[in-house]
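Just below is one structure, and these are the notes that go with it.
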Amino acid sequence: MRFGFLLNEVLTGFRRNVTMTIAMILTTAISVGLFGGGMLVVRLADSSRAIYLDRVESQVFLTEDVSANDSSCDTTACKALREKIETRSDVKAVRFLNRQQAYDDAIRKFPQFKDVAGKDSFPASFIVKLENPEQHKDFDTAMKGQPGVLDVLNQKELIDRLFAVLDGLSSAAFAVALVQAIGAILLIANMVQVAAYTRRTEIGIMRLVGASRWYTQLPFLVEAMLAATMGVGIAVAGLMVVRALFLENALNQFYQANLIAKVDYADILFITPWLLLLGVAMSGLTAYLTLRLYVRR
C-alpha cells in the first residue's frame with residue numbers, strides 16, 4: 001500500500017469524524033493518564049518503602065525489674081539476653097537504651113508530652129537492626145517470652161500500615177483507569193464503525209477490483225492507533241504538568257525531610273513506553289476486532 005494513499009485515507013477519516021476522534025483522544029488520554037498515575041504511585045511506594053526499610057528497627061522492651069535496676073546492662077539477665085540477640089544470624093546491630101535514654105529520646109521526638117510523661121513510663125530496651133527487616137517475624141517470635149522481655153515492637157508493621165494508604169490510592173487510580181479504558185474502547189469501536197460506514201462505497205469499489213481485506217482495513221487501524229498515540233501524548237504531558245505544578249510544591253517538605261522518594265521526570269519517562277504500548281495496543285486490537293465483526297464482506 002502506498003504511503004500517500006494511506007495518509008490520505010487516515011486524514012479523510014479524521015475530517016469526517018472530528019468530534020468522535022477528539023472524544024476518543026481525550027478519553028484515551030484520561031484513561032492512560034490515570035493508569036500512568038497509578039504506576040507512578042506504585043513506583044513512589046516502592047522507592048519510599050526502600051527508604052524506610054533501611055531505617056526499620058525492632059525494639060525489645062525489658063521488664064520493670066531490669067529497667068529500674070540496670071542502667072548499663074550489667075546484670076546477668078540483661079547480659080544473657082543481649083548475647084542471645086547478638087549471636088543470631090539475622091541480627092545486624094544491637095544497642096542498649098536505658099530508661100533515662102528512652103525518656104530523653106521520646107521527649108526529643110515529642111516535646112509536647114514533656115509535662116505529662118514520667119520517666120517511669122519508658123522501659124529500657126534493645127534497639128535491634130535486622131539484616132532483612134522483611135523477615136522480622138522469626139526474630140519477634142524468638143524474643144517474646146524470653147526472661148526479662150516485656151514486649152517486642154517492630155517498626156515495619158507501622159510502615160506497612162502507612163504504605164497501605166499508598167497502595168489504596170494506586171488501586172483506586174487503576175480502577176478509575178479501567179472504567180475510562182472501557183469507555184475509550186467503546187468510543188474506538190464506534191468511531192471505526194462510523195468511519196467504515198461513511199466510506200462503505202469506496203470500500204465496496206476497492207473490494208470489487210480485487211483489493212484485499214487488509215488493504216481496505218489498514219487505514220482504519222492506523223486512524224485508531226494514531227488517535228490513541230495523540231491521547232497518550234496528552235496523558236504524558238498532563239503527568240508532567242501535574243508533577244511540576246502540584247507534586248513539586250505539595251510534597252517539597254516531605255522530599256527535604258527524606259520522608260518519601262521523589263517523583264521525577266525520569267519516572268514519567270520510564271513509564272511512557274508502557275503507556276504508549278497500552279494505548280496503541282488497546283486501540284489497534286479494538287479496531288481490528290470491530291472491523292472483523294462489522295465489515296464482513
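For all residues, glycine too, the Cβ spot is worked out from N, Cα and C.
Residues annotated as topological domain 'Cytoplasmic' in Swiss-Prot, with sequence analysis given as evidence: 1-21 (among others).
Summarising the annotation, Swiss-Prot assigns topological domain 'Extracellular' to 43-171 (among others).
Swiss-Prot lists 193-219 (among others) with the feature topological domain 'Cytoplasmic', giving sequence analysis as the kind of evidence.
Taken from Swiss-Prot, the feature topological domain 'Extracellular' covers 241-267 (among others), and the record attributes it to sequence analysis. Here the topological domain 'Extracellular' (241-267) has Cβ contacts under 8 Å with residues 37, 40, 43-44, 47-48, 50-51 of the same chain, all six or more residues outside its ends.
What Swiss-Prot lists as topological domain 'Cytoplasmic' is 289-297 (among others), and the listing cites sequence analysis.
Listed by sequence, the residues of this chain that lie at least six past the ends of the transmembrane segment (22-42) yet keep a Cβ under 8 A from its Cβ atoms are 166, 169-171, 173-174, 176-178, 180-181, 183-184, 187-188, 191, 224, 227-228, 230-232, 234-236, 238-239, 242, 263, 267-268, 271, 274-275, 278-279, 282-283. Taken from Swiss-Prot, the feature transmembrane segment applies to 22-42 (among others), supported by sequence analysis.
Look at Swiss-Prot and you will find 172-192 (among others) tagged as transmembrane segment, backed by sequence analysis. Beyond its flanks by at least six residues, the transmembrane segment (172-192) meets 17, 20-21, 23-24, 27-28, 30-32, 34-35, 37-38, 41, 220, 223-224, 227-228, 231, 282-283, 286-287, 289-291, 294 of its own chain at Cβ-Cβ distances under 8 Å.
Under the heading transmembrane segment, Swiss-Prot lists 220-240 (among others), citing sequence analysis as support.
Listed as Cβ neighbours of the transmembrane segment (268-288) (distance under 8 Å, sequence separation of 6 or more from its ends, same chain) are residues 28, 32, 35-36, 39-40, 43, 181, 184-185, 188-189, 192, 217, 220-221, 223-225, 227-229, 231-232, 235-236, 239-240, 243. Annotation comment: Swiss-Prot describes 268-288 (among others) as transmembrane segment.
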Count up the helix, strand and coil residues in the topological domain 'Extracellular' (241-267) according to DSSP, in that order.
18 helix, 0 strand, 9 coil
